Amino acid sequence: MTFDLASRLAARHADHLYRKRPLLEAPQGPEVVVDGKPVLAFSSNDYLGLANHPEVIRAMQQGAERWGVGGGASHLVIGHSTPHHALEEALADFTGRPRALLFSTGYMANLAAVTALVGQGDTVLEDRLNHASLLDAGLLSGARFSRYLHNDADSLAKRLEKATGDTLVVTDGVFSMDGDLADLPALCAAAKARDAWVMVDDAHGFGPLGGTGGGIVEHFGLGIDDVPVLVGTLGKAFGTAGAFVAGSDELIETLIQFARPYIYTTSQPPAVACASLKSLELLRGESWRRDHLNRLIARFRQGASDIGLTLMDSPTPIQPILVGSSERAMRLSALLRERGILVGAIRPPTVPAGSARLRITLTAAHSEAQVERLLDILAECWNRLAQEPFENA
Ligand code: PMP
């Protein structure tokens with residue numbers, strides 16, 4: 001039978017991998033209403049709590065009044081307006097790079113950068129735990145594509161020896177499902193030794209990491225020579241939407257000329273760029289947000305290890321709890337939900353088989369009391385789970 005979608009969906013159910021979209025009936029924030037019930041949520045990437053900031057909202061409202069609600073056309077036709085341009089200049093300044101180029105989503109920024117830089121005859125080497133958009137980009141590029149062991153510079157070096165043509169090494173800055181940091185000093189050294197370029201997608205690092213929120217390259221004190229292609233997203237710590245690639249003038253011009261996901265799509269609404277400009281100002285100016293977030297991360301890690309939970313090696317707001325089978329992860333998530341806590345269960349294929357987890361994310365909008373509540377309820381549910389039999393535990 002052709003297109004037997006019912007069987008595919010049934011198999012997904014049977015494997016405990018069926019995905020559902022929780023319906024959010026209140027604005028982003030620690031306390032939300034989901035599927036009709038109030039819950040305390042630890043699932044958002046709004047790391048600095050800016051998605052609901054009154055000044056960011058006002059900037060978007062004023063932007064919409066002045067510029068309307070749509071981009072109107074692609075950037076190269078007539079969709080590139082003053083707010084887009086001002087945001088690009090501010091992002092270049094923020095990242096300490098000559099230029100930045102704005103995209104409507106991080107997924108597109110990654111597709112654009114990789115496919116514009118490498119193609120047939122070239123090589124793209126990626127961390128095996130990279131975000132799906134980077135892996136998809138590598139495949140789409142037509143370059144020789146190979147994945148090295150997670151965060152392993154030796155494994156990368158072996159692949160670099162066999163590389164042909166222009167070679168791009170691509171890594172997440174902060175790994176989105178584990179929360180750990182890329183070992184950039186070692187990866188960049190291996191790449192430099194072979195004249196390869198490094199591209200870092202720091203979607204989860206901009207904002208929380210670095211002395212001024214400049215992300216993983218600031219954290220490690222690296223420059224444009226180490227990481228010629230730097231990607232950031234605006235839908236996470238900036239609290240808005242979109243993404244950017246920052247780098248040399250030549251890099252940005254190359255993307256404008258050759259990157260199909262840049263050329264053939266409508267620009268984001270200028271009002272969103274107005275909001276991002278305000279977010280950037282707050283992200284740079286209000287360091288207390290980062291400090292508060294770091295205190296919450298330290299408290300959570302201490303409390304979770306006291307309970308006996310298995311955490312990952314993560315200094316970031318992404319704090320996964322390793323559970324094992326998809327079934328157990330779903331059960332723990334359901335127990336928490338019954339007690340008013342919303343945390344997503346992440347299962348294969350997003351993470352490797354047997355490493356299903358609850359992906360807890362902390363934000364500067366959470367209070368210390370809310371983190372204590374999370375820890376209390378986690379302790380209760382974890383004990384409860386230990387008493388339940390599981391076939392695949
Ligand atoms: N890169 C990483 C590491 C991500 O986690 C995500 C989003 N989850 C993206 C890129 C895609 O960004 P966007 O949501 O803006 O498309």
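Here the Cβ of each residue, glycine as well, is placed from N, Cα and C on the backbone.
What TrEMBL records for the pyridoxal 5'-phosphate site is G106, Y107, S176, H204, and among T82, T123, T233 the residue it adds there is T233. Among T316, T350, T361, the residue that TrEMBL places alongside R19, H131 at the substrate binding site is T350. Here H131 (substrate binding site) is positioned 11 angstrom away from H204 (pyridoxal 5'-phosphate binding site), judged by their C-alpha atoms. The two recorded residues, R19 (substrate binding site) and S176 (pyridoxal 5'-phosphate binding site), show a Cα separation of 18 Å. Same-chain residues that are not part of G106, Y107, S176, H204, T233 yet have a Cβ within 8 Å of the Cβ center of the pyridoxal 5'-phosphate site turn out to be N110, H131, S133, D201, A203, G235, K236, A243.
The Cβ of K236 (N6-(pyridoxal phosphate)lysine) has 30 other Cβ atoms within 10 Å, all protein chains considered.
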